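I have placed the structure first, in the form of structure tokens, so that the comments after it can refer back to it.
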Amino acid sequence: MSKMLPMAAALFFFYAAVALLRAAGSQAAVVEHTFVVKQVYMRHLCNDTLATVVNGQFPGPPVEATEGDTVIVHLVNESPFEITIHWHGVKQRLTCWADGAGMVTQCPIQPNSTFTYRFKVDGQEGTLWWHSHVSILRATLHGIIIIRPKSGSYPFKNQPHMDVPIIISEWWQRDLMKVDKNFSNGGSFSDNPAGATINGKLGVVEDNFVLNVERGKTYLLRLVNGALFSEYYFKVAGHKFTVVGADANYITPYTTDVVAIAPGETFDVLMVADAPPCRYYMAALANQPPAPDPQIPVFASRGIVQYTDMDRCRTQAPPPMPEMPDQHDTTTTFYFHGNLSGLPTHPLLPQLRGRIDEHLFVTLGKGTVCRDDKPSCKRGGSDEAVEVAYMNNVSFRLPDKMSLLEARQYEYGGGGNDVAAVVVEELPTRPPSVFNFTDPALIPVGPGAPLEKLEATRKATTVRRFRHNATVEVVFQSTATMQSDSNPMHLHGHDFFVLAQGHGNYDRARHVRTYNLVDPLLKNTVQVPRLGWAAVRFVADNPGAWFMHCHFEFHIAMGMATVFEVANGATPEDTLPPPPSDLPKCIHKKE
């Protein structure tokens, strides 16, 4: 008992500090940026590659604000492509029009056009990020969002000496629009990046990102996974981390020497410079499921942590590399994510412990549809079928005449033929059939394979509607259909509480008893384990049309997505305002 009291007391004071710091007020400000999107040549790996970037930078410029500030970003599109910018993880309370999900909340910004995004960063502190949300262009169109506390202090003992953005991404030397088209037409695992990057530097084969540190100081590493393809393991040789935030939410501090970060996730990590004053490698290594899943090359990058008093280093040897997990190790990420917990003081927790208004059981996998919308075709690897990704055997199709949010708005007051052209279906509550979802025998594709009779899928624009303030539970079930990958599922406009995760098939009668309803982790992106499941709950209290999708680019391009539509409440404070006057209009392309 005596050993537990100090820990309990420490956690009490930590939670109290969070509440006190959030209560501290200061004058809100307006943070204003101009983002000019254009194509520039960038040189990597001895090649000049034409890249679409913001303000000539890769990664793009940071957006730094204080909790409660208003952010205004003027986007000037000088590229040849249609563009939107999604402010990943920003809750967009009553500003769904600024969420930036192409054809979900807005039509894209056309070439030689402009649009201004306006939103507040309320009730969030920590690290988020922004990225393009039209096709695959987020490969180079992305950057970090930093939201600092009003008080200027953080609710943990070691106040950081300095913020250090760490954006893990990929460098592509392919025509990204062709890559996107390949995935939309069935996928091609020959389309791969040229390498992994840390803050835009390839590290292993080119210059490293260098972090200069002073011995004894604490550094707040703001980790972002901006990659299209892979979850990454991140380590620094000779150092440990304390994870203090996830997706701009404070968590119970967790000490580790490795962070597993999936596409779309962000983590705030404290690192104390307490090693002998030398140089140390930081490393990022992509993981992937083992064969028979399709295999891609090994992607890794590295940087340098360098002490300012290097003259006291007792060795001239090369910097030590951290010992990384194996590229096929998916156990480390399972336990890393499973060991994280949130704060037991969140005001929505009592509601989440009460009545659940909606239950969804959603399978995540891959299947096939017949080419040219034919009613039947040969499958099992036949050219007559196209590979797609799905949620409950429905592969998502974006509308092309009007955004879903505009269609939602005009349902109550006309809107013409374009609204009539937006045809939606309800996302099914459960999959059409029940089988052993995680049977590895379902991975191989071919004539006579066990998968063949299960792979039939259909395409539709799916929406799930929730009344305002409904409590929703979603259980995501990863499957082995055509692959056994994990699935980082991201919800726009809301955070959800991650109640539990597990391997194998979800069994409600057994697994509901494992739910953490005391201090569940609060996230906007949940890493659904390989051949496993994750259970989340959220309160649908933000009216609008919110994209829900896997953050692996090949999965979203192939249709692993849907839209959660939240109704207006009973008061003006719970009602989505009309669209801004400069909202981009859709350009109807000729067939």
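Even glycines carry a Cβ here, placed using N, Cα and C.
What TrEMBL records for this protein:
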- 1-28: signal peptide (SIGNAL)
- 40-151: domain 'Plastocyanin-like' (DOMAIN)
- 163-287: domain 'Plastocyanin-like' (DOMAIN)
- 430-568: domain 'Plastocyanin-like' (DOMAIN)
- 571-591: region 'Disordered' (REGION)
Practice problem: Would you mind listing the long-range same-chain contacts of the region 'Disordered' (571-591), meaning Cβ under 8 Å and 6+ residues beyond its ends? | Solution: 94, 96-97, 103, 106-110, 113-116, 118, 400-403, 405-406, 409, 418, 468, 541, 543-544
Quiz item: What does DSSP give as the helix, strand and coil breakdown of the domain 'Plastocyanin-like' (163-287)?
Solution: 9 helix, 64 strand, 52 coil
Self-check item: Helix-strand-coil residue split for the region 'Disordered' (571-591), DSSP-based
Solution: 3 helix, 0 strand, 18 coil
Exercise. Give, as a single whole number between 0 and 100, the mean pLDDT over the domain 'Plastocyanin-like' (430-568).
Key: 95
